[in-house]
Amino acid sequence: MSAPPENLMTESRNPASSHIDTLSTLEMLKVMNAEDKKVALAVELALPSITQAVDLISAAFHKKGRLIYCGAGTSGRLGILDASECPPTFGTPAKQVMALIAGGHRAILKAVENAEDNLQAGQSDLQNINFNENDILVGIAASGSTPYVIGAMRYAKSINAQVIAINCNPNSLMSKECDVNICAVVGPEVLTGSSRLKAGTAQKLILNMLTTGAMIRTGKVFGNLMVDVQATNAKLVERQKMIVIAATDCLREEAEKALLQCNGHCKTAIVMILTNTNTAQAKSLLAKNNGYIRQSIVK
């Protein structure tokens, strides 16, 4: 199933680092830094595909669908990292953005032998979370040929769910199994085949864009403020106050009072202040406008 390593750009040798073991520490790091600078440019070239993906994910969220990441090794762990940040950052339900990794939970901290080579496991893991046609799958694999991920993608397509691929090799196997193919061609790694480096960095940048873009599109952001942030610790309690102040240009005391009245619901506090309404009225305005602050404050 997997493409031979010699045919993959991510597995080829990088001439810029062919003698990296002979360099001073500073020169070694300069080589790495020079290669890392190429990553953002590679992601920039993929922006049209990333745009399509964000719009698909936003549409899925509007239909109460879930975003499911699927990957193996570094790719799987990056999916877990991004998914786990969504509830505290955007106030999403725990299962709105989920991540699957080949080998299951134990593979997060330790490599599980041959887990990524199991084509059927990808399908089984999706079935175990009741993946359906309203959900959207994002397969992540630097090589673009990981059997576990391809198995999941094929199952998702078989039930008419939409599928996005994130990879770093042109014309990969994954590109033939998806609706949108995001290919960030970062080139050979500084350490041959170590796709946790440039490929992993590119994947993280893309995942940042997917969730952040989709959350903006679904009303989780006002201006550039995280208005659905959950106050789960002292730092975030303070951040909520600063968000309300920034959004409304009110005094600190007014922000604290509004947040207290609406039990720490940032959006409600902002709408209360900007529309001069009480908690119930502000909540009603938000409900009528699907949680979008900007529409809720239009007079």
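Each Cβ is built from the backbone N, Cα and C atoms, and glycine gets one as well.
Lifted from Swiss-Prot, the feature list:
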type	residues	note
ACT_SITE	E85	active site, proton donor
ACT_SITE	E116	active site
DOMAIN	57-220	domain 'SIS'
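Around E85 (active site, proton donor), taking its Cβ as the centre, 16 other Cβ atoms fall within 10 Å, counting all chains. Long-range Cβ neighbours of E116 (active site) (same chain, at least 6 residues apart, Cβ-Cβ under 8 Å): A72, G73, A102, G103, T146, P147, Y148, V149. Summarising model confidence by region, the domain 'SIS' (57-220) averages a pLDDT of 96.
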